[in-house]
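TrEMBL annotations:
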type	residues	note
TRANSMEM	6-27	transmembrane segment
TRANSMEM	48-72	transmembrane segment
TRANSMEM	78-99	transmembrane segment
TRANSMEM	120-148	transmembrane segment
TRANSMEM	154-177	transmembrane segment
TRANSMEM	184-203	transmembrane segment
TRANSMEM	215-239	transmembrane segment
TRANSMEM	260-285	transmembrane segment
TRANSMEM	356-375	transmembrane segment
TRANSMEM	381-401	transmembrane segment
TRANSMEM	408-430	transmembrane segment
TRANSMEM	442-461	transmembrane segment
């Protein structure tokens, strides 16, 4: 990208250094594995809400959504607005109950409610989901850095990955949360400034309204099937993904957990509108862009003054790092708690487990970085990561805490069959076959099959034992700490 001054470069470098410093400050607060993985279960309302919102604002919600709005107008905001119902409804119905469970990982829930083999399959699916998520965000950060600066991809990937891996490996979730908060305010402030400067610079609001096509102000311009599908996908993601559920486990109480989810949903309403307007401002500035993904960079180049430009560039890169660091810490939690402690070394002391967690963080990151070198299509990676866990795990989680009849047999096979069907559908049937099967999104098809398998298998096999159902009693009580196993 042209127009990046020396001052902008200095600001970008300083921003990265400040990110590392803040992450290192969090390291001083980490004394136990619980501190490292769930922030000591004492994260307050402000920190929990802001970090949860920041953790879900990645490259697609920023660069991708601005590009979509550049192409179709305000309807492009559905890419972000589709997250609102899921965050708010799950915040009102699920978040508080999950905090009561006082767990560290989602697979733990599967053993306590179902059995060990269900935990194993859930851990594998979740670890793959997190690892692919890290790979995707490393690529997004690298591509964004390369696009915005012109530097070779190999260098930008290594630089961006090194920053978030460093502070995540040393400070764990607390470092992720503290840096998320800084990134959030810089990013939200930066995109707001882009609008406040951009609208007057293109001739004012009336000029924007009259210059873009009339259809750009139609919220239903893209139809309703895609937005409805996106809403469904968000429910699956926010109810099953370790990187989001882990924030609930880290909250100091149920009220904090609920507030974090609800705030994130409300935040998306304003965020979606701002990003859509930025996309349309880019259309007015340069109506003939060959690549719509350059909409946001176009506004940065042509609208923002020196200095602010560098700060927003850094914030864009940090948006991907937010998601990557959250996924990295989540993958570490899965390995440390669900694999190492549960199956490899049950008697490990906390000091050694903390050390293992830090080593695992670096190893997982190196694996994801290596994988990113061979990946050509980011979208496929993102979709695959969601299908692996979301389709099969959604209903076993939701019914597992709300239905006393579903059992371990049903839970296990629901995850396996639902995930396999979703992945198979994505590569062999979706948009390739006629009829309902060919048009139904793989996540939705997989989850429906998972639900059917869960209910049928559970009801034709013996009911769960009283010991498994006793675990659900904590949902009717106030928060009580439980040991992770």
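A Cβ is built for glycine as well, from the same backbone N, Cα and C atoms used for every other residue.
Remember, it's a predicted structure, so these values are computed and weren't measured experimentally.
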Result, the transmembrane segment (120-148) in contact with the transmembrane segment (408-430) (3+ CB pairs under 8 Å): yes
Spatial neighbours of the transmembrane segment (6-27) far in sequence, C-beta under 8 Å, 6+ residues away: 159, 163, 166-168, 170-172, 174-175, 177-179, 182-183, 186, 306-307, 309-311, 313-315, 317-318, 321
Distal contacts, the transmembrane segment (78-99) - CB-CB under 8 A, six or more residues away: 56, 60-61, 64-65, 68, 219, 222, 226-227, 230-231, 233-235, 237-239, 245, 248-249, 251, 253-262, 264-266, 268-269, 271-272, 275, 398, 401, 475, 479
Positions whose Cβ lies under 8 angstroms from the transmembrane segment (442-461), at least six residues beyond its ends: 229, 232-233, 236, 383, 386-387, 390-396, 399, 405-407, 409-411, 413-415, 417-419, 421-423, 425-426, 429-430
Same-chain residue ranges lying at least 6 outside the transmembrane segment (356-375) that approach it to Cβ under 8 Å: 33, 36-37, 131, 134-136, 138-139, 142, 157-158, 161, 165, 168-170, 172, 328-329, 331-333, 335-336, 340, 348, 381
